[in-house]
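Structure, as structure tokens:
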Amino acid sequence: MLEDYYPSTTSYYHGGIDDDLYTAKWGMVMTFLDLNDSSLTPFEGTHFALIGFKSDKGVYINNGRVGAVESPAAIRTQLAKFPWHLGNQVMVYDVGNIDGPNRSLEQLQNSLSKAIKRMCDLNLKPIVLGGGHETAYGHYLGLRQSLSPSDDLAVINMDAHFDLRPYDQTGPNSGTGFRQMFDDAVADKRLFKYFVLGIQEHNNNLFLFDFVAKSKGIQFLTGQDIYQMGHQKVCRAIDRFLEGQERVYLTIDMDCFSVGAAPGVSAIQSLGVDPNLAVLVLQHIAASGKLVGFDVVEVSPPHDIDNHTANLAATFIFYLVQIMAQHS
């Protein structure tokens with residue numbers, strides 16, 4: 001039995017029901033699935049599993065604005081309203097949440113990793129609704145556990161921050177997940193392939209830039225780089241990064257986008273990547289056929305305005321799933 005795991009029992013769609021897939025919405029089509037059901041066998045074809053990670057403990061430890069614990073419900077509500085474009089050959093299952101208000105951050109990350117591995121064993125592509133960016137380490141661990149030790153797993157992070165902070169004194173938090181991945185790779189004598197899109201210089205200290213400069217395998221583009229390059233050159237840079245890689249894990253921190261597009265985040269951003277450009281880049285990553293799982297994190301509903309940020313996060317999920325279904 002999976003720990004800290006609660007299957008979904010309540011629909012987030014409250015509109016009319018229509019059996020016609022040409023007019024259906026996500027909330028009509030998505031089906032509940034209990035990962036603890038021992039009778040389940042691996043699914044055939046391309047299907048997705050949506051799980052919430054109800055934790056912003058890492059944000060609290062990192063002195064950010066808490067509230068991301070409420071994000072899975074907010075994103076589900078927005079996603080449920082979107083039109084269904086996936087026909088009858090692709091299914092998105094809502095498998096519930098990882099939740100444990102009295103559990104430690106490390107315990108919740110471990111529980112998420114086991115749920116992710118369970119999804120992969122069932123041939124379901126994971127979509128995780130954070131949660132703070134501590135979500136990423138649990139998601140990554142689960143993906144790695146589903147692979148053999150020699151298998152590669154590159155990481156693309158759309159984020160204003162490197163999230164490579166040391167954690168020997170503070171302990172793990174929302175800003176340390178990728179340093180934990182890096183340290184795991186060093187311990188296993190693997191190269192950590194990590195590409196950050198949307199870095200803002202005013203959000204990262206010189207220690208982090210120095211660490212990146214000295215670390216083989218880590219690349220980044222600033223938000224200003226992306227603005228100047230345009231999406232086609234950014235996509236070519238991603239292609240070069242993914243050359244020779246068979247798998248990539250994608251994580252989207254909603255503070256990558258300006259406060260005008262994403263006001264409800266743990267750490268607001270005055271600058272930021274254009275969401276329209278981001279959609280084109282995300283679709284390109286999905287079209288590589290290498291994307292094995294993704295998450296959207298750091299949505300903070302108590303700080304959102306008219307669900308702008310939750311809706312944008314749901315929009316990214318809509319387009320990523322659409323392209324992944326075509327290229328898997």
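Any Cβ shown, glycine's included, is placed from N, Cα and C.
Site annotation for Mn(2+) 1 in Swiss-Prot covers ASP159, ASP163, ASP253, and the matching candidate from HIS133, HIS202, HIS284 is HIS133. Each residue in HIS133, ASN157, MET158, ALA160, ASP163, GLY198, ASN203, MET254, CYS256, ALA267, GLN269, GLU298 lies on the same chain as ASP159, HIS161, ASP253, ASP255 and has a C-beta within 8 Å of the C-beta centroid of that Mn(2+) 2 site, without being one of the site residues. Less than 8 angstroms from the CB of ASP253 (Mn(2+) 1 binding site) sit HIS133, ASN157, MET158, ASP159, ALA160, HIS161, ASP163, VAL297, GLU298, each of them six or more residues away in the same chain. Of all the binding-site residues given, namely HIS133, HIS161, the one with the smallest number of surrounding CB atoms inside 10 A is HIS161. Taking the centre of the Cβ atoms of HIS133, ASP159, ASP163, ASP253 as the Mn(2+) 1 site, the nearby residues of that chain (Cβ within 8 Å, site residues left out) are ALA136, ASN157, ALA160, HIS161, SER174, GLY175, GLY177, PHE178, THR251, ASP255, CYS256, VAL297, GLU298. Around the Cβ of ASP255 (Mn(2+) 2 binding site), the same chain contributes ASP159, ALA160, HIS161, ALA262, VAL265, SER266, ALA267, ILE268, GLN269, GLY272, GLU298, each under 8 angstroms and 6 or more positions distant in sequence.
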